[in-house]
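Features of the protein shown, as given by Swiss-Prot:
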type     : residues                       : note
REGION   : 1-318                          : region 'Ribokinase'
BINDING  : Asn194, Leu195, Ser196, Glu197 : ATP binding site
ACT_SITE : Asp263                         : active site
REGION   : 343-474                        : region 'Cytidylyltransferase'
Amino acid sequence: MKLSMPRFDQAPVLVVGDVMLDRYWHGATSRISPEAPVPVVRVEQHEDRPGGAANVALNIAALGAQALLVGVTGRDEAADSLANSLKAAGVDARFQRIDSQPTIVKLRVMSRHQQLLRVDFEEPFRTDAAALALDVEALLDQVKVLVLSDYGKGALQNHQVLIQAARARNIPVLADPKGKDFAIYRGASLITPNLSEFETIVGRCADEAELVAKGQALMSELELGALLVTRGEHGMTLLRHGQPALHLPARAREVFDVTGAGDTVISTLAAALAAGEELPSAVGLANLAAGIVVGKLGTAAISAPELRRAVQREQGSERGVLGLEQLLLAIEDARAHGEKIVFTNGCFDILHAGHVTYLEQARAQGDRLIVGVNDDASVTRLKGAGRPINSVDRRMAVLAGLGAVDWVVSFAEDTPERLLEQVRPDVLVKGGDYGVEQVVGAQIVKAYGGEVRVLGLVENSSTTAIVEKIRQKG
């Protein structure tokens, strides 16, 4: 599946549901309590993070999309903490505050990255469903997708009113369902149960074929547009009417904590759909996002750069021939990992041993080597009629096959100055017997603090000489 990064800045999403505060107490554990056989934790740090529907909205904002949130809280310190965190993250939160009930808080006691205890402070909210529906309807014209983030805590009382209001405006409705009655989500564009939630409704599935059959039946019964079953280490399965099932393998490299993974899936889906992605592509992006977030500790959001890097890995753009946009993203990823970027350029019309030795020496100047290649028209201007011998596509393909070369990109100008201004390498390398100041682009690189290095030429290695020898023998 071909994936690309959507324009999340053009993706307004409204999230409605059960907001909660995820509170973490971190501390050291070195002894057992004399009062009971339990560890004593000396609390050294505490942090609050938005949870539930608030985490969905936070994830949407972290991707660079516009997140609006409607939910229910108490009128207390936890609600204030939630509101402040969401505002700082760029989420437009509208809370229905209830004096008589506390904000839902999930307190986790942590030591050495392990969860020792979770304490829940909650009671189901007695929501003013009519007032909440009015708040939602007032915002629907501002968004492209509606998300129902349902944790069964009472914020969502009349799902059908919200679903029908969105459908009347041709706004897709995504629901993360809970409970034993999925009929309340009838008419939704997509629901995203995990496997356990799905099997609670349809019964145990012995294999994928049975999962698909039961899923298709559920879609028809509830008039759903699509169904996405998240299956942990087995990935995800997307079902659509009249289409074959789409099975996506899990993409997690390491799994530390699955807390909030479902929130990440539906938030990425919503943001991608709001940005104009087709459903299969949006699911592919959500699958990558889930693989990232389970590698983090606790309730966490992923950023657009993190997802962008995952897309690059998925599309194999860690190495090889890249367009300029892809290259700039790959450089951003490399710099995020502290890697030094080296750049060199040339025509590389007929690759020979001298080129290979030179490129290996250039690669040794840093961590990543970019080779800028003159396109065919510029080679003709520089070398004369009859050149290049090989087209730019072939020249770049050969260079990309060398172990020393990370990325290859072409440029149309006679010199690489314009490309250097965009790439901004840490080190500019050229081969020759001249001084640093004579290197084309040296002033550009040195102006922003980069280095320029000149490597010696390999003797008896010249493309021009090779071409002349071929012509003499031809």
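Indices start at 1 and increase along the chain as displayed.
Cβ coordinates come from backbone N, Cα and C, glycine included.
A simple Cβ count within 10 Å picks out one of the binding-site residues Asn194, Ser196 as the most packed, and that one is Asn194. Residue with the densest Cβ environment among the recorded positions Glu197, Asp263: Asp263, by other Cβ atoms within 10 Å. The residues near the ATP site, meaning same-chain residues not in Asn194, Leu195, Ser196, Glu197 whose C-beta sits within 8 angstroms of the mean position of the site's C-beta atoms, are Pro193, Phe198, Glu199, Thr200, Val229, Thr230, Arg231, in sequence order. Here the region 'Cytidylyltransferase' (343-474) has a mean pLDDT of 88 out of 100. The residue listed as 'active site' is 16 Å away from Ser196 (ATP binding site) when you measure Cα to Cα. Residues in the region 'Cytidylyltransferase' (343-474) partition by DSSP class (helix H, G, I; strand E, B; coil) as 55 helix, 26 strand, 51 coil. The two recorded residues, Glu197 (ATP binding site) and Asp263 (active site), have Cα atoms 15 Å apart. Of the recorded residues, Leu195 (ATP binding site) and Asp263 (active site) place their C-alpha atoms 15 Å from one another. Counting every protein chain shown, the Cβ of Leu195 (ATP binding site) has 17 other Cβ atoms within 10 Å.
Between the CA atoms of Asn194 (ATP binding site) and the residue listed as 'active site' there is a gap of 11 Å.
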